[in-house]
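Colleague: Sharing the feature lines straight out of TrEMBL:
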type	residues	note
DOMAIN	68-152	domain 'Acyl-CoA dehydrogenase/oxidase N-terminal'
DOMAIN	156-264	domain 'Acyl-CoA oxidase/dehydrogenase middle'
DOMAIN	276-427	domain 'Acyl-CoA dehydrogenase/oxidase C-terminal'
Amino acid sequence: MAPPTVADLTSPSSWTMVEDKFSPYAKETLTKLIAFMHEEVLPAMKLAHAQLPTDPEKRWKTVIPIIEQLKVKARKLGLWNLFLSKAHYPEHGVPLTNLEYAVMAEILGRGGHFAPQVVNCSAPDTGNMEVLARYGNPEQQKKWLLPLLNGEIRSSFAMTERFVASSDATNIRTSIRQEGNEIVINGHKWRVIGASWISGAGDPRTKVHLVMGKSDPNNTSTYSQQSVVIVPADAPGVKVVRPMQVLGYDDAPEGHCEVIYDNVRVPLGNLVWDWGKGFEIIQGRLGPGRIHHCMRSIGAAQAALDLMIQRVTDPSRKTFGKYLYEHGSVIADIAKCRAEIESSRLLVLSAANQIDKVRAKGALKEIGIAKFVVPSMACRVVDTAMQAFGAEGLSQDQPLAQVFAGLRTLRLADGPDAVHVHQIGRRELKRASQLHKTTAEIKKKETALLEEHGLKAHL
């Protein structure tokens, strides 16, 4: 049986809308990705889970064999580092736009955490690679970026902290100070990604942390107090305290960890870009990262809806002589899920297109809206699908519960919903002055036109 088409997996109308924006290379890559997902990745997902030991010690020391095997195949097919656009990163990127990658990321989102790893497009490595590609010096790029681009190592990003309200990043307390030709780091982080709590820190392949802390706490500008430093994972003083769980899932082997940096010393050359540039670096990192999460979330929601449709049309699951879809509001629920996925996809495609035109900094509105709309939408769709599956939908026999846990995390990761909602609301309020001015001009012309016809304006 032939693999499905992009229109089958996404939407015929949305594909028609963006197809002419795809280069021949992008179309060829997308076709190869869909076939690779259909023939190799999705059939291997259960094996990948089976190859991860349940033993609490061994699972954090395991490199899943099938993932490494599929990485080799993916790279040979040219399905590698698809997120890194050559337009923004000429030396290291691939000839894909963010819009083109958006559709590919939706396809990858059907494969949970597993599929993006296979094509080296997995967080937090994607954001860290972008940081090093944009802000890293040649030595940093040679030592850390190239192995990440080659999929030889993994990384973590350490920003949020346990004992402060980290949704306001100016609150972070980790100290980064220069002593001679060294930088000394002291801090207590969690959500160290790859280690969110420190994401990625638990993975045996994780060799480097990007750590954000305060290097100039007395600077009058609260947004110039922070810097970002490269810390080798095996540097003396780096202590992984514990892996954190998300609704009971540990996401091993990469996981999300609590990490202490206790008098960690690194060379002065490990400073990324310059002192006081931490906020600018993380905004450059988080913008594309937020939209990548949204792209994959749509794929996860679509996969959940597909499972639900199969469940409610399964003749072996009839109750009281009827298919499940013939009961209650199931048909209406399916329709609402479809509508929400379609509208969210348009939001993400719009944001990706805007990033291509004006970079992430010029697309903050579109990224912000997508960030608080899409994960919530996906959570609702997965929750609806779980309801159709009954108790099985909450169990390990279906992927829905773990998918829901990951999606629920995204309503907090890279900034909680409330922060993005507030930012978008304030941005909208800035239009008030111009709206009042425009309305007054129209009102003036309206009054003159009424008087010209012998009529009197009442308001």
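Heads up, the Cβ atoms here are built off N, Cα and C, so glycines get one too.
Because TrEMBL annotations are produced automatically, they should be read as predictions rather than curated entries.
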Colleague: Please list, for the domain 'Acyl-CoA oxidase/dehydrogenase middle' (156-264), how many residues fall into helix, strand and coil according to DSSP.
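Modeller: Result for the domain 'Acyl-CoA oxidase/dehydrogenase middle' (156-264), in helix, strand, coil order: 6 helix, 58 strand, 45 coil.
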Colleague: For a three-state summary based on DSSP, what are the helix, strand and coil counts in the domain 'Acyl-CoA dehydrogenase/oxidase N-terminal' (68-152)?
Modeller: 51 helix, 2 strand, 32 coil
Colleague: Looking at the domain 'Acyl-CoA dehydrogenase/oxidase C-terminal' (276-427) alone, can you tell me the average pLDDT?
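Modeller: Summarising the domain 'Acyl-CoA dehydrogenase/oxidase C-terminal' (276-427) by its mean pLDDT gives 95.
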